[in-house]
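So that you can see what the record holds, here are the features copied from TrEMBL:
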| type | residues | note |
| --- | --- | --- |
| TRANSMEM | 20-40 | transmembrane segment |
| TRANSMEM | 46-64 | transmembrane segment |
| DOMAIN | 85-155 | domain 'PAS' |
| DOMAIN | 159-211 | domain 'PAC' |
| DOMAIN | 243-376 | domain 'GGDEF' |
| DOMAIN | 385-638 | domain 'EAL' |
Amino acid sequence: MGMGLWLEQQRIERQKQMALHLATAVAALVLVIVLSLLFLTEETRGGVWLAALLPVLIIMAICYRTALRYACDTHQLVQTYWENEERKIRSILESIKDGYYELDERGRFLAVNPALSEILGAPVHELLGASYQEYVGKQDALKLKHAFRWVSHTGTPVQQIDWAFVQRDGQRRLVEGSIVKISEKSSGVTGLRGIIRDVTDRRQAEQTINHMAYHDALTDLPNRRLFEAELTIALSQAKQQGQMMAILFFDLDRFKYINDSLGHYFGDCLLQSLSYRLKENVGSAGILARMGGDEFTMIFPAISDETEVVALADRIIASLQSPLQVEDRECIVTTSIGISIFPRDGEDTQTLMKHADAAMYSAKEKGRNRYNLYSSTMSLHVAERLAVEQELRKALERHEFCLHYQPQLDCKTNQVVGVEALLRWQHPEWGMVSPAEFIPLAEETGLIVPIGEWVLRTACQQNKAWAEAGFPPLRIAVNLSARQFQQENLVGMIKQVLQETQMQPQFLELEITESAVMQNATRVIGILHELKNLGIWLSIDDFGTGYSSLSYLRDFPINRLKIDRSFVNDITENEDAVIAKSIIAMAHSLQMNVLAEGVENEVQLAFLREQQCDEMQGYYCSKPLPAEKLEEWMQQSDATALAVWGK
């Protein structure tokens, strides 16, 4: 490989030095010859000349020999030095990772190093004499042509310029390079040289990092940051062009239960499958983004009226009626959609997002699996909901919760056999807050976990206190929400509470809903067996309102089924009567106890007794009472209540 114009210049300089040394030696030789001739012509003048010139001739001969030897030695030293320098430069150019090139005035490669050969994907011998234009695209060729011309005409180096080399197989390599002019007057050689660095991997890494910064890692949809930037742009365009635009806020219904019961991995796979379904429906109509968790948003620009966005919302909801393929199973999910429209519902991004969010929560409260357009009354409701949530977070610390207890009686003997502990919230300003208002919110926010532990501990402490006060042994029932039931340390927490309160496990009953049991039946069965082995009673609450199968029910170590109050209200009607009879018969066939909830009159009680229902609870016996009131009720029951129940 030629080492380029710089090395050529060094060769020329070495030749000049050698010529100078040889010229000196030749001059000395010529002088000796001239003097010798003079000596011969003057020999007739006698031996005087000989005597005078002989020392001079000897000295001149010695000088000649010395000059000649010096010239040869100097040449050898210079030759060796420059050969070493050439080897060093060659070694450096061949070992560096950056490419090195030299071009002549016509853009042909005069010199390249192995690194550049690798970047271009061509051997060195093929590159030498070839034009650089064979390895760049049209746009980059024009760009480099201008840069080369500028450097050649002005002599000003270009420190960095970006372009792409195209290899023979079509692969593109992104590079950064420098351009320096070569102009050697001594050799008459002119051209360009520079260093080239392959930055393909770095640029790809930068693009990847940039993509990750603005896209959701799970679904590859735009994330919150990119969505907000796009929303700002879309809103600005809508204002300039006098157009309407809409924001849609999606939230999956009951996704937390899916995550808790089937695991986060399944939940992630579900979100991926859902994102594909949403993208299919949105298409190029708008910008879809994932804000986090199970929340998605969409910008629908340039709409003519709200019917367009309503049609899209209807289409999305309808598309989710078809099951999503998640791993090896099919899964049906629904979503609640809130919609706000510019300029009607707000003129800035923050207001539009807030109103779309409020509309979404309104859709959830109306039954889920629907869309809702924003109205001004929603903001007030959302504010109230946020206020309840904030106060709920403080309620446990401020000891605002209390328990009321509703007795459970044996249908045959009228004896009190247990009580159900029911949570109440006594707010210092709002008074008694209905459980229907705060229990669902506690489950959504996860506050039900610490609250549920407090309920369990307080109920066990109270039951232990009643036993020590001389009341007959009672079984106390505590509700476990689906969120609590998915705790990893649920069994350990219950063991700890029993140890702390010193209550016997057989006097604790845990109630779980039918739907919570069925969300992840395989996992639940194992946990239920652990609890059953401790001696704890287990019951399924609100039985008949969920979707459990008999095959699973046989596997559950359940002690009791509780018939939901909705079947007891009209229990004398044919349909509800058949359902109640079936539940009682089925439970008894599985060796389970049956308790009917919501008994409010003697007719209902008579029917239950006739069908051999084991136990009951309801307002006909007693409403839920504070602990001290229940104590009074139990003390009176020996004298009066049981007489009434014997009718």
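We number each residue from 1, going along the chain as drawn.
Every residue, even glycine, has its Cβ placed from backbone N, Cα and C.
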Confidence summary for the domain 'PAC' (159-211), mean pLDDT rounded: 83
Secondary structure content, the domain 'GGDEF' (243-376) (per DSSP, counts of residues): 59 helix, 41 strand, 34 coil
Secondary structure composition of the domain 'PAC' (159-211) [DSSP: H/G/I, E/B, coil]: 12 helix, 31 strand, 10 coil
Residue distribution over DSSP helix, strand and coil in the domain 'PAS' (85-155): 43 helix, 12 strand, 16 coil
